[in-house]
């Protein structure tokens, strides 16, 4: 980029590189850590931070009333995410920590640990290698606003906070059937989650303090504290109903912790819409262009415009149009490159449809540097496609378009003169759909982070799903 020439134009490769490698988020995380820890020499600190490479490890807090299942969900998440579980019990059982020994002594006397001591235990545990490299999950901590503020003061910030919720009557009834395996720490229930193995059944123990009165007292204290804890975690907190099967709660929690929060990183949408003929790609592209000022790039329309304008490429394309043959990929990509390299596409972003039709075209797009950052597959059943396309008609006198089911002509006279576009004939539609589905599996494999949508619903409902997929960051893929 020549510094002596104005106005400056940023090459499209620069923002694309920054976006793909999360440069903005990396710099933001380093700045946050610098402000939190305030090291005397920032350079070695930043180098150490980069070596850790732990910006995206799980940092999760799970809160909830007694018997809501938070410990079970926390243990399942730990196994799935390979993270460290931090509970009050395992924090005070650390035999190599003087702080833990003192906390254990106080806990045996008072059945509670002072907030300052508990937060010190958490700080010591989070400084260990497994928590730094693999992440952590706090189970039932913080319990009070004081604990939440002390944790925040030390710069310990979770990425996701989950609060489980259920009616008190359900929790009291559930707590009465609670059983614990003393060997593994696994929690079972006499009604909802009874182990099939007789060996485990025989060693299960009834925990203390699960009577109806004691549970009600704990619930009262929880409700008094949680309303003051929740405001400490705006924008990163999700409430999940615990009054449903444990597996459903787990999958909702897992989906949430795999999601990424919206950032202030600059983002230029490069949207690719894929789907069979008649799936609504053109309509969705027009809606996106209208609302977000994206450049609507329709491959077929570009080719027609090139022919109509009698450009150099248009003259090469015209013979293929006249013979009703497919335009070669090399020529098609040159026309497409010419459009996507224009400044409006670089600055505003684009929504592309009509290409790629197969894996070769997709690889060509990638090699040319036109990598979409959002890909959507619009799935529509075969019968719905046939209904949408084969019943379309046009009035040759007025040019008005009709649909025999959704927008029938007002009079018999108009209906008698309606014509069908040859492209909407049943055989033509079947051929196009067959061609798409032959290549769709390869395209789905190539675009692994693509979002699949049900296109057989109201167009504005589909648009809302697409809009949500563009605005929100893509979820993390955790094996």
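Placement of Cβ uses the backbone N, Cα and C atoms for every residue, glycine included.
According to Swiss-Prot, the residue from 174, 392, 393 that belongs to the ATP 2 site alongside 278, 279, 280, 281, 282, 283 is 392. When Swiss-Prot is compared with the stretches 28-57, 298-327, the one noted as region 'NMP 2' is 298-327. Taking Cβ-Cβ distances under 8 Å and a sequence separation of 6 or more, the neighbours of residue 361 (AMP 2 binding site) in its chain are 329, 332, 333, 355. Closest to residue 278 (ATP 2 binding site) in space, going by CA atoms and restricting to the binding-site residues 69, 71, 72, 142, 325, is 325.
Among the binding-site residues 69, 72, 326, 392, not one has its Cα within 10 Å of the Cα of residue 142 (AMP 1 binding site). If you measure from the Cα atom of residue 357 (AMP 2 binding site) to that of residue 281 (ATP 2 binding site), you get 13 Å. Long-range Cβ contacts of residue 280 (ATP 2 binding site) within its own chain (separation 6+, distance under 8 Å): 378, 380, 455, 459, 462. Sitting within 8 Å of the Cβ centre of 67, 68, 69, 70, 71, 72, and not among those site residues for ATP 1, are the Cβ atoms of 64, 73, 164, 187, 242. Considering only the binding-site residues 140, 143, 325, 354, the residue whose Cα is spatially closest to the Cα of residue 281 (ATP 2 binding site) is 354. The Cβ of residue 282 (ATP 2 binding site) lies under 8 Å from the Cβ of 298, 353, each on the same chain and at least six residues away in sequence.
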